[in-house]
Amino acid sequence: MARGNAPRDSYHLVGISFFILGLGTLLPWNFFITAIPYFQGRLAGTNSSAETMGTNHTSPTDTFNFNNWVTLLSQLPLLLFTLLNSFLYQCIPESVRILGSLLAILLLFALTAALVKVDLSPGLFFSVTMASVWFINSFCAVLQGSLFGQLGTMPSTYSTLFLSGQGLAGIFAALAMLMSLASGVDAQTSALGYFITPCVGILLSIVCYLSLPHLKFARYYLTEKLSQAPTQELETKAELLQADEKNGVPISPQQASPTLDLDPEKEPEPEEPQKPGKPSVFVVFRKIWLTALCLVLVFTVTLSVFPAITAMVTTSSNSPGKWGLFFNPICCFLLFNVMDWLGRSLTSYFLWPDEDSQQLLPLLVCLRFLFVPLFMLCHVPQHARLPIIFRQDAYFITFMLLFAVSNGYLVSLTMCLAPRQVLPHEREVAGALMTFFLALGLSCGASLSFLFKALL
């Protein structure tokens, strides 16, 4: 089936569905972070949020170092299960992986919500919470890898929509934090609301996924691509043909993607035997390794300081009043998530640098390492070793704006470029591999956050 015969995405329903699925994949992580005041209250042995809502989340009274541990234990299972998902995704049916993960996340969040009404000692509550974080993020890893694999077979616009949905999850979490601060409700009420909200979001994600087989546009890319006629012409872009010959992995007509333009005048290479089979993970890795490395470095920088360091920054105002209470939720969490979402959305309009700029992309990614010392030298009252150089609030706000936009844009850019660097039948593997490297970057950043916090 030629690309010109592809059906339209009526009412943008497929795009909306992937946007909501992207939202659902990051709701668990963001709502655990949003509920930090509740967790701090429980770990301090109190059910009242009156005192913990306005405190610094990483102050010396945080004996459990909750912020760092919840970040690390969210990313380690993501790394482990994404690795398994990258190599074993062909062994388990796609629908089982996606739907099963969504149902498991929903069940675990329901159990987490139930714990709000259960009295536990701080140590036991911390252990149960960390176990819940581990298992929820394990299923999130399988879910993300499977969905990115699907997106690898579709136009890059849908990858951008999915990533934008993930960015919106953080905005919801930040707004929930602000409403909780402004409402003055007790910790149990706010925590119950936190954990019911992602349950509703996961239910909506399940509905969206179940609706995809009933949408003609989704069937064309996700189902009918597997049953193309054997006489279908091969993709004939010169660079793809050269890459095919270089790696010795001939593409079969059954594996040709309907998303790319076909040249009716080009004949298949007669000397190349068409061998059915699944694409090699290592062949795909050789094609996308530089883009994957850039993705790792982007998230390493981001998670090494956010939120472990950035959440410690406070206003330098001599009489902060309410601004002191809302400074970090607005200037750290809300600003980051809004600008990160904006950065992810920019790739809907342009992709720069593109796949032909092999040196420029790594340079831009490496420049982000400058944000680590910049944030560490901001107004952090708990400084013991480093001086405070960037004392004014405007410095922190400017750094956060650039930090967040660059994170969102470079993440979305690398995820969109990777499928373009491989053959059509290798795109699903490329999507799964990029998800693994995404998790690797998150884990590296979460681990480094302990070191950078100790250096303060």
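Every residue, even glycine, has its Cβ placed from backbone N, Cα and C.
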Swiss-Prot lists as N-linked glycosylation site, out of ASN47, ASN56, residue ASN56
| field | Stretch contact, the transmembrane segment (360-380) with the transmembrane segment (396-416), Cβ-Cβ under 8 Å, 3+ pairs | value | yes
* Does the transmembrane segment (192-212) come near the transmembrane segment (98-118), with 3+ Cβ pairs under 8 Å (pairs 6 or more apart)? -> yes
Near the transmembrane segment (323-343) in space but 6 or more residues beyond its ends, with Cβ under 8 Å, are 30, 33, 53-54, 56, 164, 167-168, 170-171, 173-175, 177-178, 181, 306-307, 310-311, 313-315, 317, 393, 396-397, 400-401, 403-412
Per the Cβ filter (under 8 Å) with a sequence gap of at least 6 from its ends, the transmembrane segment (161-181) is approached by 15, 18-27, 29-31, 33-34, 37, 49, 53-54, 147-148, 151, 190, 193-194, 197, 201, 325-326, 329-330, 333-334, 336-338, 340-341, 343-345, 347-348, 408, 411-412, 415
- the transmembrane segment (98-118) and the transmembrane segment (288-308): do they have three or more Cβ pairs under 8 Å, with pairs 6 or more apart in sequence? no
Other same-chain positions with a Cβ less than 8 Å from the transmembrane segment (13-33) and lying at least 6 residues past its termini are 70, 74, 102, 105, 109, 133, 136-137, 140, 143-144, 147, 151, 157-158, 161-166, 168-170, 172-173, 176, 194-195, 197-198, 201-202, 204-205, 208-209, 211-212, 215, 217-218, 307, 333, 337
Long-range CB partners for the transmembrane segment (123-143) (under 8 A, at least six residues beyond its ends), listed in sequence order, are 25-26, 28-29, 32, 39, 42-43, 64, 66, 69-70, 73-82, 85, 97-98, 101-102, 104-105, 108-109, 111-112, 115, 435, 439
